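Q: I am attaching a structure below and will ask some questions about it afterwards.
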Amino acid sequence: MAINTPLTNSWLDEFPARIAELDRAHLRRRRRVVVPEDGAHLQVDGQRMLAFCSNDYLGLAGHPALVQAACDGARAFGVGAAASPLVSGHSAANEALEAALARFVGQPRALYFYAGYATNIGIVPALVGKGDAIFSDALNHACLIDGARLSSAQIHRYPHADLAALEQELISSPARRKLIISDAVFSMDGDVADVPALLALCERHDALLLLDDAHGFGVLGPQGRGCLAHFGLSGENASPRVLYMATLGKAAGVAGAFVAGSEALVEWLLQKTRSYIFATAAPALLATALQTSLQLIEQDEWRREHLQRLIARLRSGLAQGLQGSSWRLGESPTAIQPVVIGPNDAALAVMEGLRTRGLWVPAIRPPTVAEGTARLRIALSAAHTEADIDRLVQALTELAKPGSL
């Protein structure tokens with residue numbers, strides 16, 4: 001057969017039809033070209049928008065001090081690590097950042113990764129494997145789910161935040177090694193896990209707790225030190241049964257992620273995490289920017305105070321504005337404020353209605369959320385103003401009225 005002879009009935013011919021099916025189900029996703037502007041504004045496909053979609057919770061991503069620190073790091077170290085951390089990619093800046101991160105979250109040791117998703121899909125298989133057991137909250141982020149699948153351990157998926165059901169699963173499992181994995185702040189609902197209760201279960205059933213604090217680091221706890229500090233479980237009260245993970249591209253405003261825990265746990269992960277061992281290290285310029293970010297997170301309490309006022313203002317406004325509507329505002333104390341619309345097409349219509357008003361709020365649809373719970377995921381930032389919140393509340397109040405869409 002000639003190399004260029006076209007095949008008939010190839011499975012490769014299925015992709016156009018499969019993409020069309022995504023369109024029919026209102027599930028096709030499209031990237032938008034964005035350019036950051038002042039405050040919480042973006043240019044989205046050339047249109048200036050007030051954005052409520054970024055995880056830049058403290059408004060640090062464009063901070064001049066971080067930009068300067070990154071430039072200084074680039075001049076000192078170049079723009080690429082050019083090797084994995086275990087070869088020659090572990091810079092002095094990355095080493096200093098790991099020490100700073102461990103101190104910041106009150107844990108003995110930290111390990112810095114280039115991305116959050118890569119962290120979780122790597123550390124879970126490094127901790128447990130065939131014959132072991134993982135207990136996963138039903139609403140965990142995809143990276144925890146994928147890490148569990150890659151581990152080959154038996155996966156027990158318990159109903160969201162149902163710790164009684166979790167304990168029954170722990171009791172029933174014959175596995176010697178048990179790993180509980182949970183978001184600390186759930187990314188699509190904004191609620192906070194009951195970390196003390198999860199830790200108590202670990203102590204009763206000889207389990208390890210892996211907490212993904214992607215959306216709590218920098219925001220929760222004294223000086224933004226995260227969910228463990230929020231619950232008084234860091235520093236002198238740190239437990240060897242907790243492995244803490246957080247990302248550095250959200251409230252910290254830069255990129256990357258880290259894990260923190262006991263010396264032995266972190267050393268094991270350094271030795272066995274494939275997504276760490278076989279990947280090029282994060283550029284040192286990011287580490288220099290992150291050290292500056294940690295200083296700002298610690299000292300700028302006004303950012304968290306302002307954010308809390310915005311959360312309260314939004315919730316108060318929507319509690320009134322959505323009265324009589326079928327839409328539901330989720331019970332969230334954090335910067336993630338979900339408005340559950342229901343059908344995919346309805347959520348997209350609301351998103352479009354906001355876009356025509358100069359507001360950018362993405363519609364989140366399956367498989368990110370369950371069928372029938374398509375929603376607006378409103379993400380608030382210290383970069384927003386009270387006037388920004390009022391503008392969003394007014395727009396949603398108008399769109400929630402019958403016949404407005």
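Placement of Cβ uses the backbone N, Cα and C atoms for every residue, glycine included.
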Q: Looking at substrate binding as recorded in Swiss-Prot, which candidate out of ARG28, ARG29, ARG30 goes with HIS141, THR368?
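A: Swiss-Prot lists HIS141, THR368 binding substrate, and from ARG28, ARG29, ARG30 it also lists ARG29.
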Q: From the candidates HIS63, HIS156, HIS215, HIS306, give the one listed by Swiss-Prot for the same pyridoxal 5'-phosphate site as GLY116, TYR117, SER187, THR247.
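A: Among HIS63, HIS156, HIS215, HIS306, only HIS215 appears alongside GLY116, TYR117, SER187, THR247 as pyridoxal 5'-phosphate-binding in Swiss-Prot.
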Q: Give me the Cα-Cα distance between ARG29 (substrate binding site) and TYR117 (pyridoxal 5'-phosphate binding site), rounded to a whole Å.
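A: About 19 Å separate the Cα atoms of these two residues.
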Q: Within 10 Å of HIS141 (substrate binding site) (Cα to Cα), which of the recorded positions GLY116, SER187, HIS215, THR247, LYS250 do you find?
A: SER187
Q: CB neighbours of HIS141 (substrate binding site) within 10 A?
A: 22
Q: Fill in the CA-CA distance, THR368 (substrate binding site) to TYR117 (pyridoxal 5'-phosphate binding site), as an integer in Å.
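A: The separation of the Cα atoms works out to 15 Å.
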Q: For GLY116 (pyridoxal 5'-phosphate binding site), just give me the three-state DSSP call.
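A: Reduced to three states, the DSSP call for GLY116 (pyridoxal 5'-phosphate binding site) is helix.
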